[in-house]
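**Q** What TrEMBL shows for this protein is this:
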- 23-43: domain 'C2H2-type' (DOMAIN)
- 44-71: domain 'C2H2-type' (DOMAIN)
- 72-99: domain 'C2H2-type' (DOMAIN)
- 100-127: domain 'C2H2-type' (DOMAIN)
- 128-155: domain 'C2H2-type' (DOMAIN)
- 156-183: domain 'C2H2-type' (DOMAIN)
Amino acid sequence: MVFLTRILRVISILSNMIYTRCKAFSQNGDLIKHLRTHTGEKPYQYSQCYKAFSQRTTLISHHRTHSGEKPYQCCQCDQAFSLNISIIYHMRTHTGEEPYQCRQCNKAFSQNSDLIKHMRIHTREKTCQCNLCDKAFSMNCYLIKHLRTHTGEKTYQCRQCDKAFSLKTYLISPQRTHTRQKPYQCCQCD
């Protein structure tokens, strides 16, 4: 009866929306899951925080964020993960696998999200906007660094003296004065 109810719901959804055939599935359950991407239906609700999900597996994964359960253990180190996909990404740190390659410069990445961020360099897309001035940045980490120019925050402190700096790169030069390190030598005079 539950199966028939689901089928009737799918038919109802299909009849009420303009449907372009975007994917085909061998299993009815897979079609139902896919249709939720179009309808926004989220029938699986977590009772502790009331978040809702379109798939049961996503609900189970979310439960692990509350319980702290990490069933996926790395066989090469001691790290454990709550999501199967997380251990797949983690294993690439051991194997060095980088399956996502930029078509413009051939640089490779272990995660697709890193490739997407990298592509902003080529497209010059700047999605991270400063709300205090007109500057925009391709990545959030650059925006965070920029915000320190407005706040005056200096998080990088020299261990030898009391000077503090807003960027780590600004800290390197004063540290060399303490260690008397001079890494740049003229090749003409020895």
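Every residue gets a Cβ built from N, Cα and C, even glycine.
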**Q** State the residues, same chain only, that lie 6 or more residues beyond the ends of the domain 'C2H2-type' (156-183) and have a CB under 8 A from a CB inside it; answer 'none' if no residue qualifies.
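**A** Hits for the domain 'C2H2-type' (156-183): 145, 148-149.
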**Q** What are the helix, strand and coil residue counts for the domain 'C2H2-type' (44-71) according to DSSP?
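**A** Counting residues per DSSP class in the domain 'C2H2-type' (44-71), I get 12 helix, 4 strand, 12 coil.
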**Q** DSSP-wise, what's the residue breakdown of the domain 'C2H2-type' (23-43) into helix, strand and coil?
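**A** So the domain 'C2H2-type' (23-43) is made up of 12 helix, 0 strand, 9 coil.
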